[in-house]
Amino acid sequence: MATVQLQDVCKRYGGAGGLAAVQDVSLTVADGEFMVLLGPSGCGKSTTLRMIAGLESISDGRLAIDGRPMNAVPAKDRDIAMVFQSYALYPHMTVADNLSFGLRRRGTPRAEIERRVAATAEMLGLTEYLARRPAALSGGQRQRVALGRAIVREPKVFLFDEPLSNLDAALRVATRNELTRLHRRLGATMIYVTHDQVEAMTMGSRICVMNRGRIAQVGAPLEVYRNPADTFVARFLGSPPMNLLPARLRRAAGGSVALVAGAELPLTRWSDAALEGVAEASFGIRPEEMLLLPPDAAPQPAIAGTVASVEPLGAETLLLVDTAGGEVTARLHRDTAARPGDAVRLGIPSAAAYLFGPDGRAIEADRPAAGAALN
Amino acid sequence: MREQGRGDRLTALLRRGPLLAVLVLYTLYTTLPFLWVGAMSLRTTAEISADHYGLPSPAHWGKFRAAWVDSNFAGYFWNSTVVVVSAVAIVTVLGAMAAHALARYRFPGNRLIYFVLFSSIIFPPQIVLLSLFQILVNYDLYNTRTGLVLVYVSLQLPLTVFILEAFFARIPQDLFEAARIDGYTDFQIFLRIVVPVGMPAIVTTVILNFVHLWNEYLFAVVLVSDEDLRTLPVGIQRFMGDYFQDIGMIATGVMIAVIPVIVVYAFFSEKLIQGMTAGAVK
Ligand SMILES: Nc1ncnc2c1ncn2[C@@H]1O[C@H](COP(=O)(O)OP(=O)(O)OP(=O)(O)O)[C@@H](O)[C@H]1O
Ligand SMILES: [Mg+2]
């Protein structure tokens, strides 16, 4: 199996002066790891993946697979397999021929080809479709053929470019689990591009969040979720996204406090030293951490506002509240009696607070953020 | 209810009526002259003069033999076959390769070449007739089948490239990249992906080129003068004298000339439909 190393990789389209689609990407994917490249549309995920595949030249920087420099190695000699969003099945070939096309080229002995095609078809439940053409398959079956075409080659590295985005919701969840099992079973290095955070969170050993051609943050899914490196990551991961409110910081008797939406919120996660010299910041709180306080609640850190709308989703309820600092969303784990126009107070657990400096970077805390509070 | 159903059928008929009428008229418009020529091909010129629209009774099948053996139609047929099949084969191979290169590769001058080819479709081919004649004479290709083949290739290449380029450009790029990762070279990708997937378009150009060249008269008559090298359309001319036209034999010659066109069309349109269903890019 294999490691994949990118070092200061850049991609500029249209010559040296061209616009950079990918900039200074440095990333090491460990052997057997499932690395997810996550980011909004146009952030350079596909471009990065295609550079690893050898479908796109690398403008600058180094790429190595298993320590071997790959910049100048053609795609076919990189020992990678790629699953395309469109599946890219050869329309004029049967499923069996689609699966064996790559092996035949490599001069694999016929018996071996047959064995591998049969095993792969078996694994993916495609055995009865081997004689069909792609046009006669359903979307999910085509997707599995595309997957099989990669598996049958037994490559060092699997590359996926949004392979599930053409499936319907139910099939997507099923295939997601299937892919995870497949990864465990093959133990192969996989790099997976998606803009779907649920896919990223559930499948990735680690995720690499990209923004405008650069890496914003790399880490285990929950680690990135709990400790977003900047406001972009904070808002990109999580649905609904993290609430960010402008805050002024002040040194008080018991420690620092943030003035947010007319309320004073204690900053218990940060030492005074950590907040040295910071006057203005963005105060972050995830919707699921906020509490809807009953009128008789004990005094605690909270902000006040007016309910703008209530969105019951069944298992949970989203509460949009207008506050002096802007609109915030609270995600309640049960139904609520609150109605639009009601004045409400939203509790802000200090342990779940985030601060981001004026440059958008997270202000490093001394105590870790607490997990989801109960409400 | 019943009234309603009948009304519906009536409106449906009214809506489809004009379409049906047009189709019927067009079918008659195209087949009647053909059937007429077919009938004449079995009648003598004397019979035809007596009654233009008569049926072939008795049918003079011997006229076909007479044309084939006595009037050198076997030779014309052979010349047409050699020239047209070679020209179509060369045009198809060259055209497909050129179209693939223009559709798939970015290189300086790509669009310039495309534009030059495209603009040559617009000009009527007659304007190059005289200069082509001179060039063929200079290269000792005048009055040869090779010369005619070369001219036919150059005449048909632009349209062929134009049609194929448009089709090839719509083959998803992902297919090429998948094949590249699967280890295939550019030329193998052309042979094993582009050609089979592009087969419907290729067959279209083959039919188009074959029919057009098989019936081509102007260049054939100007660039070939030797009786033994004449192609069918020129050969039919021998039944036309200055004062007398052997209408009956002309019809027979036309029928001989037309049969291969029908065969080629029938054979390839079968392929065309097969290719369309097999290569459907979904
Ligand atoms: N061939 C190209 N020429 C010029 N610019 C390109 C080319 N391909 C991509 N780009 C640009 O590079 C940037 C990154 O594109 P990329 O396809 O990597 O985005 P992505 O993250 O995969 O987005 P998506 O989620 O929409 O697929 C985009 O701004 C895009 O416009
Ligand atoms: Mg993409």
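Cβ coordinates come from backbone N, Cα and C, glycine included.
Pulled from TrEMBL:
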DOMAIN    B:77-268  domain 'ABC transmembrane type-1'
TRANSMEM  B:20-39  transmembrane segment
TRANSMEM  B:76-100  transmembrane segment
TRANSMEM  B:112-137  transmembrane segment
TRANSMEM  B:149-168  transmembrane segment
TRANSMEM  B:189-214  transmembrane segment
TRANSMEM  B:247-268  transmembrane segment
Does the transmembrane segment (B:247-268) reach the transmembrane segment (B:20-39), going by 3 or more CB pairs under 8 Å (6 or more apart in sequence)?
yes
For the transmembrane segment (B:76-100), which recorded stretch in the set B:20-39, B:112-137, B:149-168, B:189-214 gives the largest number of Cβ pairs separated by under 8 Å?
B:149-168
What residues in the same chain, six or more past the boundaries of the transmembrane segment (B:20-39), come closer than 8 Å to it by Cβ-Cβ distance?
53-56, 251, 254-255
Who are the long-range neighbours of the transmembrane segment (B:112-137) in its own chain, taking Cβ under 8 Å and residues 6 or more past its ends?
102, 147, 151, 155, 157-159, 161-162, 165, 218-219, 222-223
